[in-house]
């Protein structure tokens with residue numbers, strides 16, 4: 001008779017090597033890639049928060065007492081809303097460039113407009129000149145004033161860019177810019193409309209000629225100068241309201 005088989009002792013079971021791990025193929029749709037992407041996004045957000053904390057800390061350390069704490073809170077709110085220091089600087093640079101471009105455009109357009117109208121004259125027994133009509137003289141005067149004002153504004157911006165000095169101190173410059181922009185934009189629209197009405201009346205009665213063609217060109221350019229000054233008035237209003245909101249906060 002064969003001897004009965006004995007079961008292995010518990011000590012032998014404990015000394016037996018563990019089974020080798022089996023590499024199971026990764027199932028499609030496994031959450032590991034998504035978790036890796038979330039980890040990368042979290043890392044980037046942590047780096048952004050570190051930058052924001054540095055900005056807020058600088059604002060808090062630079063203030064004194066409650067005022068410094070208030071500046072720090074404002075910086076924190078801006079950092080949370082994505083309106084930190086760097087985007088604000090970029091926006092201010094873009095607005096400054098746009099304002100300078102509009103000033104130069106208004107100056108050039110006004111110069112061309114009143115130069116064309118001032119040169120609008122014909123010779124001979126049927127000769128004519130812009131000086132005989134009040135509407136055309138009005139257009140020339142307003143465009144000359146708009147040219148001088150726009151050239152002065154462009155000069156102030158170049159002066160501040162080079163010397164870092166303001167010719168007109170703030171906030172007086174903000175009120176001056178907004179008021180002058182609105183007044184001159186209105187005058188340009190008024191003068192251009194009056195000259196266009198006079199031109200249309202002349203053409204309807206006597207037809208078009210070289211004198212009317214030059215007048216039409218001057219009026220069209222004057223309307224473009226109005227658009228440039230009206231756009232400048234929007235930027236001036238934005239600068240004034242931004243300064244008032246910063247002063248009251």
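Each residue, glycine too, has its Cβ placed from N, Cα and C.
Residues or ranges marked as compositional bias 'Low complexity' by TrEMBL: 1-11.
Taken from TrEMBL, the feature region 'Disordered' applies to 1-32.
As annotated by TrEMBL, domain 'Casparian strip membrane protein' applies to 93-228.
Positions annotated as transmembrane segment by TrEMBL: 98-116 (among others). Only residues 6 or more beyond the boundaries of the transmembrane segment (98-116), in the same chain, are considered here, and those with a CB under 8 A from a CB of the stretch are 139-140, 143-144, 146-147, 150-151, 153-154, 157, 188, 214, 217-219, 221-222, 224-225, 228-229, 231-232, 235.
Note on the transmembrane segment (136-155): residues 100, 103-104, 106-107, 110-111, 113-114, 117-118, 120, 130, 177, 180, 184, 187-188, 190-192, 194-195, 198, 215, 218-219, 222, 225, 228-229, 232 of its chain, located 6 or more positions outside it, place their CB under 8 angstroms from a CB of the stretch. The transmembrane segment annotation in TrEMBL covers 136-155 (among others).
The transmembrane segment annotation in TrEMBL covers 175-195 (among others).
Proximity of distant same-chain residues to the transmembrane segment (215-235), defined by a Cβ-Cβ separation under 8 Å and at least 6 residues beyond the stretch ends, is recorded for 95, 98-99, 102-103, 105-106, 109-110, 112-114, 116-117, 120, 130, 136, 139, 142-143, 146, 150, 153, 177-178, 181-182, 184-185, 188-189, 191-192, 195-196, 199. Under the heading transmembrane segment, TrEMBL lists 215-235 (among others).
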